[in-house]
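Participant: Sending over a structure as structure tokens; questions will come in a sec.
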Ligand SMILES: NC(=O)C1=CN([C@@H]2O[C@H](COP(=O)(O)OP(=O)(O)OC[C@H]3O[C@@H](n4cnc5c(N)ncnc54)[C@H](OP(=O)(O)O)[C@@H]3O)[C@@H](O)[C@H]2O)[C@H](O)CC1
Ligand SMILES: [K+]
């Protein structure tokens, strides 16, 4: 699914109205119906709901939703208006709103009133029409609601977030949503690493914008959902043998950090790779053999072995950064032309030796978390330009970057970005990155393309974490070892 800019979104709206054709007010009604379905599935009708409605069409969506909620058994509704005058569709929906729904002009209530703790705040103040940072009473309202308890639901975009003008966003003047119900496709600010957290959990609602427009619009950003994954998976053939599924090579682990190497190795094996060799410190062989007997072990020396037999390489998990490792890594980077995942200490060594990037090519996948990404860029802090810097880095060095986060972004060497919302809080723990790197390497070894390996690796990791969480009852308790055991069920779930 493409992620379109705000001006393209406005054009898609106009194109749909003209070519479907559909009246603008009816399109708003369709959007409100989609919102209603989400409410019916997620919000108990007994809960008190306050809808905050601006003057534009985002406010119009809020008014249409209020009417539909009332008609569907949500009784405890209050509508706060910024103004009685607004866009034509806003005013039409204000006329349609039954007088039995409490309507008030928004003034000092947010400061003065007590609101029940289980309240649902619906933010329909500003959507894609926001053109500048919120000031005055608008900023004041946002501060006040952000301080309040309750469940916060934004329509289309959290108010204060500019859909695609990341650099202009003031993070403190944005409604902090628990859920954002966005129309048709995510807007860039909802998935961008600098601003995504403000949107809470993202739900994408299909409102039937015209497919011709969506297909022909150009964008260098896209969004992948779990529904897109099944078509990537290659079936395993009955008449096949280990050689058909590739030999993966891991340069990982050191005596004190074998866990990382073993997690990566098991993930690689469970992804389906035919054979797996681990180059590691001799002292750890006994531990490796007992934990993962499927491994072929290779004693570490400061020279790379003959790599002809291998299909894909992973360097980094638990590797350490001593001189021997550094020279071995340098030799691999210089000589290996096939697909390669670079993670953890491999990234730290590249950050310390930027000249290694001269050997980079389109088969490299660097998988930094935000700390490693900062080091690669030589920055102390990541700001609103972090994605642009990542794109520039990929284009300059002709490599691929997977920026890991609660929403991960894969930037290809041509600068195209794909966003994935497959993570769960169970993955916010040591070991998750090693597991992901192992999965991606195993998929590369099986002949998946770079992009498919990243997409399927992220999907398997996220789904397996969800399954582990379900089995153990809580994200708190999930370990990488639990996630590894669910990889089979994760495959079967797509
Ligand atoms: N295509 C779709 O996906 C559909 C979208 N829908 C909904 O429509 C909104 C977009 O509606 P729009 O009317 O274009 O814009 P907003 O409602 O977000 O707000 C516009 C008004 O806000 C004023 N504005 C802008 N910035 C500020 C600011 N910083 N402070 C105060 N006021 C501001 C703006 O006035 P100007 O002064 O800038 O002229 C407008 O008055 C979209 O998000 C969806 O929710 C449809 O319902 C379905 C199809
Ligand atoms: K909003």
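Placement of Cβ uses the backbone N, Cα and C atoms for every residue, glycine included.
Heads up, TrEMBL stuff is auto-annotated, nobody curated it.
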Participant: For the K(+) site that TrEMBL lists with 123, 159, give the additional residue from the candidates 58, 72, 93.
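Facilitator: That K(+) site, as TrEMBL gives it, pairs 123, 159 with 58.
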Participant: The AMP site in TrEMBL includes 404, 405, 406, 407, 408. Which of 371, 378, 433, 438 is also listed there?
Facilitator: 433
Participant: Identify all same-chain residues not among 58, 123, 159 whose C-beta atom falls within 8 angstroms of the centroid of the K(+) site's C-beta atoms; report them in sequence order.
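Facilitator: Apart from 58, 123, 159, the close residues are 52, 54, 59, 62, 124, 125, 126, 127, 154, 155, 156, 157, 158, 175.
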Participant: Hey, how far is residue 318 ((6S)-NADPHX binding site) from residue 407 (AMP binding site), Cα to Cα, in Å?
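Facilitator: So the alpha carbons of residue 318 ((6S)-NADPHX binding site) and residue 407 (AMP binding site) sit roughly 24 Å from each other.
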Participant: Which of the binding-site residues listed here (404, 406, 407, 408) have a Cα atom within 10 Å of the Cα of residue 128 ((6S)-NADPHX binding site)?
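Facilitator: Taking 404, 406, 407, 408 one by one, none has a Cα falling within 10 Å of residue 128 ((6S)-NADPHX binding site).
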Participant: Within its own chain, what residues at least 6 apart in sequence put their Cβ under 8 Å from the Cβ of residue 57 ((6S)-NADPHX binding site), listed in sequence order?
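Facilitator: Expected: 28, 87, 89, 90, 127, 129.
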Participant: Using Cβ-Cβ distances, find the residues under 8 Å from residue 131 ((6S)-NADPHX binding site) that belong to the same chain and are at least 6 apart in sequence, listing them in sequence order.
Facilitator: 162
Participant: Restricting to the same chain and to sequence separations of six or more, state which residues have a Cβ under 8 Å from that of residue 406 (AMP binding site).
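Facilitator: The list for residue 406 (AMP binding site) reads 196, 197, 421, 423, 425, 428, given in order along the sequence.
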